[in-house]
Each structure stands twice: as C-alpha cells, then as structure tokens.
Amino acid sequence: MSPQPPPDLAEDKERETNVLIEAAPGSPAKAAEDDGAGRQLSPAAWLRMLARELHWSFVLGVAATYGVSQGLGGGISRVASDYYWKDVQRVQPSVAQVYQGITSIPWMVKPLWGLLTDVLPVAGYRRRPYFILAGFIGVIAMLIISLHNKLHALFALLALMAGSASVAIADVTIDACVAENSILYPHLAADMISLNGFCSSVGGLIGFSISGFLVHAIGAQGALGLLTIPSALVILSGMLLKEIHTPNFPYGQAHKKFVEASGKMLTTLKCPEVWRPCVYMYVSLALSVDIQEGMFYWYTDRKAGLSFHEGFIGFMFAVGSVGSLVGVILYQNILKDHSFRSLLFSSQLMLSLSGMLDLILVLRLNLKMGIPDYYFAVIDEGVSKMINRVKWMPLLVLSSKLCPTGIEGTFYALLMSIDNIGGLTGQWVGGLLLHLLRITRTEFNNLWAAIMIRNVMRLLPLALLFLVPSSDPNSTLLPSDLLNDEDDGEGHRMQNIELTLLTVDRGTSPDKSPQEHGKNQESLDVEQDGDGVSLLANRG
C-alpha cells in the first residue's frame, strides 16, 4: 500500500485536480462547449481539426496503416494471393486453404508486438522504430515474391507470412498511438475510431475494386509486388511520426513490466468471467469452417466452374466489403443494445442459413429461379459478409469488456489472438474437409457436401451459448478486483493529474507572462521513476 497524503492535503489536491480537469481541452465540460461546433464540421474541416489537435503525422500514420496497408493492400493481397497459389504455385485448394491460414499466424502473436512497443523502446522511441521495422519487412518480403519466378512453395509461404507480420506489427503500433492519444485527448477518442474505420473501409473498397484488374494486367506476382508501396508508406509515416524521445531508458524496468503484465494476463484468464466467453469465442470461430479456397477454385475454373474472370472476382469481394460496412451500420443503429447472448444466437443461426446461398449456387438452382450466376454470386458475397460482420461486432465489444485495468491494450490483443487462432482452426478444418471430399483443382462434384457440412457445423456453437454472459454491452463483466488496480492506482491517478497539467499548460496561464509560458513549453518533460517512464513531454 502506498502512503496516503494527509486529509487536508488530499482535499486540496482533489479540488485542484477537479479545476484542472474542468479546464482541460479533453474534459467533458470543454467537450460540451465544443460539441455543437464539432457536429457542423465538413469532412475536410474534420480532418484538418484532427491534424491540428493530434498532429498531422498521426493522421498520416492512421491513413498509411489502416487505409493503405490494411485496407488497399489487404484487398489486393486477398485476391492476388489466391491467384498466386492457384496459377503460380499450382497447389490444390485444400493446400491453399492451409497456406492461407498459416500466413495469418503473425496476427496470433499480437500481444507480443503490443508488449514490445509498450515496454521496450528502441533508441529512445516507442513507436517509430516498430513502424520502420514493419515497413522494411514488408518491402523485402514482397520484393522476394514478385522478383523470383520459381520460388519454392515453402519460401513463398515464409515470404507471405513476413508480409502479414509487417501489417500486424504496424497495426499494433498505430493502435498503441490511438490508445495513447485517447488518454491525452479523450474528447477525440470517438473521432479517432471513426478515422480508423473510414480509412480502412475506403482503402478496402479501392483495393478489392482494382485487385482483379491488376492481377489480369500484371499477374499475381506483379500485384503482390505493388504491395511494397504500402510498406514504404509505413516506413515514411514512422520516420515522420511526432513522438517523445526518452533517453536513458531503464531497460531493467522493461523486463519487470513484461513479467508483471504476463502474470496479470494469466491471472485474468483464470477468472470464470473471462475464460468462459473466451472458450465460446474460440469454438464459434473454429466451427465456422472456412472452405473459401474450394469456392474460389470453382468460381474461376473454366470447365467445371463458373469461369469468373479476375475483374469480376475483385468486384465481388468489393461488394462483400460493402456488405460488411452495412453490417457495422446495422449493429451501431439497431442491434448494439441487445444482450450478447441473444444477438450471438441470432447471428450464428443466420450465418448457418446464409450458407445455403452457396449451396443454391453450386447446385445451379439460381438458374431455375431465373437469376444469372454473376448476380447471385454478388448477392451471396454481400449477404454473407454482412452477417459475418454482425456476428463479429458483439464479439469485439465483449472482448473489450474483458480487459483488466492496467493492461487493457495488451490483453485486448491477447483476446484478438484467441479469435485469430479460432479462425485459423476453422481454415485448417476446412482444408481437411476439402481434402477428405477429394475436391481438387478440377474436381468439384462433392463441393455441395462440403457446404452442407459447413452449414451444420455453424450451428454447433449454439450449444455453448451458456458460456456467454446474458447481460447487455452496457454492463460490467469483470469482478471489482480486476477493475481496480490497487497496486498501481496511485500511480495512475498521479499520471492522470500530470497529463491534465500538461494539457492545461498548452494555453497561457493567467499567472505567467507569454515569455515564461514559452520557456516552460520548451522544457524537457520526461520523468523516470522506479516503476517506469512517465510521458509528460511537450506535444505543442
């Protein structure tokens, strides 16, 4: 227990803190004053406001990471990698299904990237080096893929894994920047999330829209080679990022923080309120079997399949992105206040039923209804992605409710890793299913059976819904001992006071002359203590 200040001193400090909080730009009072003006901002003025308040280099980092690297680059990579395994490496759909799962492994170790960027600065910087490292990894990996015409499948797999790791490291690093800015500027937290989603959605739509045409024009290897551009932009954003320099960092304390965070994560996972929903999230994703590669091979086969060309494949996936965006809108405006259990029940049931659209397409029943293959495939993709998004949104909210105080970001990354492992299991089970049913590059007679098995397996997680809390998203799920960090409570309180002082100091104090204020703004505001580093540097 840390020593408590005398009652009079504590009351004076509390009153001082309240005054500072009310005066701070990020305070509710200040936010209320600016709320009316904020609602009237045009998109261009909104972006200028974010660039002014958060610094333009942060907005550039979000655009480069979410918009270009994940959005546009992810759309191109999704289509180009499918064609790469099919036409360049010429592997069977079951093998391609397994390979696509393996390339997602770097996303399953997101807590590791999160811990590194949080507790292990490089050359005095916490974020810049990881952006630059991520960009260089992506550039090298994509150059290897694009320039080597006879690359062995194993090395191609390693290169694509490295490319995936590049995006994952940049994603975790920009998430850490968002979390840090959310503390310093709480009134802009929602704006930052909206900026992330906007950049990702627009980038994904553009990426999927042009991916098919790029593959048709320059081939799968050429399209993958273009992904060096997003990686280069990540390097540039890392070099330009405005960040506090913390010299003489106590690396011994970093090891201590790493051990403490790991121990607290393990303690939290042992809590029934946490591990029970985690089991459901993993099982529901693992049993949502993915046979996408079998469907892709059938879509593009010129004899036994639908003979869709590259441009239409990209367009179809772009419509899927629109469906996913519609799912977000539906959840935000209609479904977000429903209980976790009821919403997951409905979405899991709808997910199974929507899989019947694939069956109708494979059996060509859509032609008997008078609906051409092109139109029905687009409808199928849009509906399935919309329902997948509706199912995914409550899982994200549930995960955010399971994060204990003090390690919120790292534990959230751990929960996302559990989800990613569930998705990987679903992909590998789907690959095994395609192999057992002998669905090959040219043989698709049993594809209907794979679809039926997948649809039935999607119903199985309903038996484990009792593991999910029946409460709504506004309820508190964790026990009080995980929400109240007693050991670090005083440290967090003092850090919040210091951050508030810093924020208030951005304006000129009535008791100081402008010259004195300028001198204070230029002073070094980095403090080190036994528990780590307190970031109090000038952001002006």
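Glycine too: its Cβ is placed from the backbone N, Cα and C atoms.
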Message: Need the matching range: TrEMBL marks transmembrane segment on one of 280-300, 343-363, 448-468, and I'd like to know which.
response: 343-363
Message: Checking distant contacts: for the transmembrane segment (343-363), what same-chain residues at least six beyond its ends satisfy Cβ-Cβ under 8 A?
response: 280, 284, 288, 295, 298, 335, 373, 376-377, 379-380, 383-384, 387-388, 390-391, 394-395, 444, 447-448, 451-452, 454-456, 458-459, 461-462, 465, 468
Message: Quick check for me: are there 3+ Cβ pairs below 8 Å between the transmembrane segment (130-147) and the transmembrane segment (224-241), leaving out pairs under 6 residues apart?
response: yes
- prompt: Which stretch, 153-174, 224-241, 311-331, tops the Cβ pairs under 8 Å count with the transmembrane segment (195-218)?
  reply: 311-331
